[in-house]
Structure formats: structure tokens, C-alpha cells
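Enquirer: Below is a structure I'd like to ask you about.
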Amino acid sequence: MTTLSHDSTTMPRTQRDTRRMNQFVSIAAAVAGLLFGLDIGVIAGALPFITDHFVLSSRLQEWVVSSMMLGAAIGALFNGWLSFRLGRKYSLMVGAVLFVAGSVGSAFATSVEMLLVARIVLGVAVGIASYTAPLYLSEMASENVRGKMISMYQLMVTLGIVMAFLSDTAFSYSGNWRAMLGVLALPAVVLIILVIFLPNSPRWLAEKGRHVEAEEVLRMLRDTSEKARDELNEIRESLKLKQGGWALFKVNRNVRRAVFLGMLLQAMQQFTGMNIIMYYAPRIFKMAGFTTTEQQMVATLVVGLTFMFATFIAVFTVDKAGRKPALKIGFSVMAIGTLVLGYCLMQFDNGTASSGLSWLSVGMTMMCIAGYAMSAAPVVWILCSEIQPLKCRDFGITCSTTTNWVSNMIIGATFLTLLDAIGAAGTFWLYTALNVAFIGVTFWLIPETKNVTLEHIERRLMSGEKLRNIGN
């Protein structure tokens, strides 16, 4: 599909053709998000049984959770090079193959050390997918649907989480954690098949000097040949910078600003604290008075469904509401939710809680997750794919995605330690304070990029405009 050398004018395409191609690209690439979500969700239900099987301490439990994030940071760190050399399409293929290997290795682990290694391999795959899929979608989509297409990736992440929670709930009666982990290989095989039929990114093709192929792909994706030609001309204009990556980062202040903003955005996303709910939901609900594994898993499933439905709404609102309003509202909702959840858990610690506080705790986790799903979860990935200059996009997104996974690893590897050190209330109130701080950062620094082309954002950035104004 990407090695077409004949003149595309001999192959007229209808708007229906372009719509179908855009839908296929969106769905196929977003399956990478499904894999990501499956792994986030599955460990929450599997961890109690893994802990019993291997007799794990709290520290080892944290490492079973966070070893995946360590691998993801490694995968994201090297994926800039991989994506530049192989292209976005074949980077997704490599990630899918590694996902199969990591899933099978986790299911057949005979020691905690073997499980940790398999989880790291799985993490490398997730790191590749989390880097490549949003980048690929941002480069394939037109500016008016770019946010929607990238939000589809986040929707598939949440669908994966819900599917994992359903699987965990089903297997929780038998405690079969190996089946919980091994079943993840199946969607990875589906992704391998889908990637075969994906076209290469036109921006990557143009960067490699393959302009005829780039225009052919753009004609598949855009409503008219004129739009395809105009976009290719803009891409070629942005490629006139002679340097790229690290070399450009060292000498160009504006590039450094974009890279550091992407890193800050990803750190903000993780330090909202929402992923600790995904990783440790059964433990949180145990602290909130749900005594049986089945009760904890049902409450966890409710949170997962909330995440999925809120993300579904976000898919259709992110390109209408804008990036900044979504972030400001989302951080506010998460601040309130973690504040009240901390209060509820303090009452349970003091032994003064009523049964109603158990359900209020569930309600607050649902509120937090809904706020996250409609703001930081999709919007940060959208912004990070939008703000990087083309010649430095691989490097910039490598830096931001690596920051995401390092931050993710930190929150995953410290949650149980924080519970022991400052208690459940103190832990969630810490995240309340961070979310309040992020509201201020959004006002001060974050740009609005709704309905703006990537090339226009790049021109504003490189002209030295304030970061909050580069989307204007």
C-alpha cells in the first residue's frame, strides 16, 4: 500500500474511500492502545494472587507493578531511533511482536525474577506502542479530526483496561493469574495482522525523500488532491531545517522549549495520581471497607467502566472544547476527588467510618477517573504529538514519552511505601496538592492547539512566540 509508484491521478478516490481509510488507520493504530490498557488493568487483579503465589513483600509487589513501566521507559527511549529508521508502521510491528513474547513469558514465569524480566519485555512493547501510535495518528490525521483520532487511542486504552478487569473478575474465583496474563497475547497477534495493511506516515516518507509515496498516502487520507498537495508542500517546507533531533535540540532554543514542554506535560499527567487507582484499585477498595476479593474486583470493574465511558465522551468533545479548558476542568475534578477520597480513607484508618463512606470512596474514584479520562489522559498525548517540530519530532516525543514512563514507574513504585509512611489520607492529599498546582501551570504555559495545523504550530514556535500562544 505504501510502495505505489504510479501516478495517483489514475486512481480517483471518493470521499467515502478517504473516510474508510481514515477509519481503518484510526482503528488499527488504536489497537496498540488496547494492548497498553490490557496490561495496565490486568496487573490490578493478578497482583493479589501473584503475591500469594510467590509470597511477595510490599517492595516486591511495587516492582512487579513498576517493572513494566521500567521496560516502557527503555522502549520509549530507543523508539525515537527505531521510528526514524523503520518508520511508524514497522515500529508498531516490533512492539506487537514483543508484546506477544512478554505476555507468554509472564504467563509461564516460574519465579518472581522471571516474571520481572517478562514484565520488562512487555513494558518495552508498551513503550514502543505508546510512543508510536499517537505520533502515527497525529501525522495521518487532518487538523480538524486529529484530536478525535488520537482520543480513539485513549479510548482503546480504557477499553483494554475494562476488558482486563472483566478477565480478572472472571479468573478471580479460581485465582488463575497465569491465564490473566497470558490472554494478553491474543490482541497483539491481531495488531500484527492489521499493521501489515497500514500505510506509512506521509511525513516520515517525505523525511526520507519519498515524496511520490507521501503524496499518494495523503491522497488516500484527504478529501481532495489539492489538500494533499498543499499539505505535502507544508511538510517539505518544514523539512528545510538542516539539523534534526539532538543536534537541533542543542543549538535551537525554541526546539528545547517544545521538548521541555512535552516532558512537563507527561510528568503532569502521571503525577495526577490516577494510574495508582488503575494499578492498586483492589487494595484501595480493601482500605475502603470492601472485605472480599469479589467485592474489590466488582468495584474495580465499575471504575474501569467509568474510565471507558468518560473517554468515549472525550473522543467527541476534545476537538470542540479545546485542550486548555479540558485540562483546567480535569485537574480541578481530580483535586476535589482525591481530597474527599483521602478524607474517607482517613475515617477508615481511624475506625470511625460508616458503610456509606465505602460507597462514597467508590464514587470519588469514579469522579477522579472520569476527570482524568476527559482531560489529561487524552489531551496530553494530543499536545505532545502536536507541539514538536517535524525535524525534531522523533527526538521530542522520545523525551516526552520516556518522561511519562519514568514518572509512571515512580508513582507505581512508591504507592505502597507512601501508604506506610504518611497513610492513605496523606498519600491522596499529596496528589490533591499536585493537581491544584497543575491548574496554575495550565493557565500559565499550555497552548491551545484546537483546529490548528502542525505546520502552523511549528512556525509560531520557531518564531519565538510564548509557548501558551503557539496555537493562536
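We count from 1, first residue shown onward.
Glycine is treated like the rest: Cβ placed from N, Cα and C.
Below, the features straight out of Swiss-Prot:
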{"type": "TOPO_DOM", "residues": "1-29", "note": "topological domain 'Cytoplasmic'"}
{"type": "TRANSMEM", "residues": "30-50", "note": "transmembrane segment"}
{"type": "TOPO_DOM", "residues": "51-63", "note": "topological domain 'Periplasmic'"}
{"type": "TRANSMEM", "residues": "64-84", "note": "transmembrane segment"}
{"type": "TOPO_DOM", "residues": "85-91", "note": "topological domain 'Cytoplasmic'"}
{"type": "TRANSMEM", "residues": "92-112", "note": "transmembrane segment"}
{"type": "TRANSMEM", "residues": "115-135", "note": "transmembrane segment"}
{"type": "TOPO_DOM", "residues": "136-154", "note": "topological domain 'Cytoplasmic'"}
{"type": "TRANSMEM", "residues": "155-175", "note": "transmembrane segment"}
{"type": "TRANSMEM", "residues": "179-199", "note": "transmembrane segment"}
{"type": "TOPO_DOM", "residues": "200-257", "note": "topological domain 'Cytoplasmic'"}
{"type": "TRANSMEM", "residues": "258-278", "note": "transmembrane segment"}
{"type": "TOPO_DOM", "residues": "279-297", "note": "topological domain 'Periplasmic'"}
{"type": "TRANSMEM", "residues": "298-318", "note": "transmembrane segment"}
{"type": "TOPO_DOM", "residues": "319-325", "note": "topological domain 'Cytoplasmic'"}
{"type": "TRANSMEM", "residues": "326-346", "note": "transmembrane segment"}
{"type": "TOPO_DOM", "residues": "347-361", "note": "topological domain 'Periplasmic'"}
{"type": "TRANSMEM", "residues": "362-382", "note": "transmembrane segment"}
{"type": "TOPO_DOM", "residues": "383-404", "note": "topological domain 'Cytoplasmic'"}
{"type": "TRANSMEM", "residues": "405-425", "note": "transmembrane segment"}
{"type": "TRANSMEM", "residues": "426-446", "note": "transmembrane segment"}
{"type": "TOPO_DOM", "residues": "447-472", "note": "topological domain 'Cytoplasmic'"}
Enquirer: Per-residue pLDDT averaged over the topological domain 'Cytoplasmic' (319-325) comes to what?
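Expert: Reported value for the topological domain 'Cytoplasmic' (319-325) is a mean pLDDT of 87.
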Enquirer: If we skip the immediate neighbours and take only residues 6+ beyond the ends of the transmembrane segment (92-112), which ones have a Cβ under 8 Å from one of its Cβ atoms?
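Expert: Contacts of the transmembrane segment (92-112) (Cβ under 8 Å, skipping residues fewer than 6 from its ends): 29, 32, 35, 54, 56, 60, 64, 71, 75, 82, 86, 118-126, 128-129, 132-133, 136, 178-179, 181-185, 188-189, 191-192, 195-196, 198.
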Enquirer: In the same chain, who gets a Cβ under 8 Å from the transmembrane segment (298-318) while lying at least 6 residues past its ends?
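Expert: That would be 41, 44-45, 147-148, 151-152, 154-155, 157-159, 161-162, 164-166, 168-169, 277-278, 281-282, 285, 290, 326, 362, 365-366, 369-375, 377-379, 382.
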Enquirer: I'd like to know if the transmembrane segment (64-84) touches the transmembrane segment (405-425) in this structure, counting it as a touch only when three or more C-beta pairs sit under 8 Å and are separated by 6 or more positions.
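Expert: Taking Cβ pairs at least 6 residues apart, the transmembrane segment (64-84) and the transmembrane segment (405-425) are in contact, with 3 or more under 8 Å.
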Enquirer: Same-chain Cβ contacts of the topological domain 'Cytoplasmic' (319-325) under 8 Å, 6 or more residues past its ends?
Expert: 144-148, 379, 382-383, 442, 446-451, 471
Enquirer: Cβ pairs under 8 Å with the transmembrane segment (115-135): which stretch of 30-50, 258-278, 362-382 has the most?
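Expert: Out of the listed stretches, 30-50 contacts the transmembrane segment (115-135) most.
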Enquirer: Go through 155-175, 179-199, 258-278, 426-446 and flag the stretch with the largest number of C-beta pairs under 8 Å relative to the transmembrane segment (326-346).
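Expert: When the Cβ pairs under 8 Å are tallied, 426-446 comes out ahead.
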Enquirer: With DSSP as the yardstick, break the topological domain 'Cytoplasmic' (85-91) down into helix, strand and coil residue counts.
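Expert: Secondary-structure breakdown of the topological domain 'Cytoplasmic' (85-91): 7 helix, 0 strand, 0 coil.
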Enquirer: Any residues 6+ beyond the ends of the transmembrane segment (258-278) with a Cβ under 8 Å from its own?
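Expert: Same-chain contacts beyond the flanks: 40-41, 44, 161, 249, 284, 303, 307, 331, 334, 338, 365, 368-369, 372, 376-377, 380, 383-384, 387-389, 392, 395-397, 399-401, 403-404, 407-408, 410-412, 415, 428, 430-431, 434-435, 438, 441, 445-446, 461, 467.
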Enquirer: Can you tell me which parts of the same chain pack against the topological domain 'Periplasmic' (51-63), counting only residues 6+ beyond its ends and a CB-CB cutoff under 8 A?
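Expert: Beyond its ends, the topological domain 'Periplasmic' (51-63) has Cβ neighbours at 111-112, 115-116, 175, 177, 412-417, 420.
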Enquirer: Which residues, given as numbers and ranges, are at least 6 beyond the ends of the topological domain 'Cytoplasmic' (85-91) yet have a Cβ under 8 Å from it?
Expert: 2, 79, 128, 131-132, 135-136, 139, 195, 198-201, 204-205
Enquirer: Determine which residues of the chain contact the topological domain 'Cytoplasmic' (136-154) at the Cβ level, with the cut-off under 8 Å and only residues 6 or more beyond its ends counted.
Expert: 22, 25-27, 29-30, 32-33, 88-89, 92, 199, 201-204, 221-222, 227, 311, 314-316, 318-319, 323, 373, 377-378, 381-382, 385-386, 450-454
Enquirer: Checking distant contacts: for the topological domain 'Cytoplasmic' (447-472), what same-chain residues at least six beyond its ends satisfy Cβ-Cβ under 8 A?
Expert: 138-139, 143-144, 147, 234-235, 237-238, 252, 254, 257-258, 261, 319-320, 322-324, 382-383, 386-387, 389-390
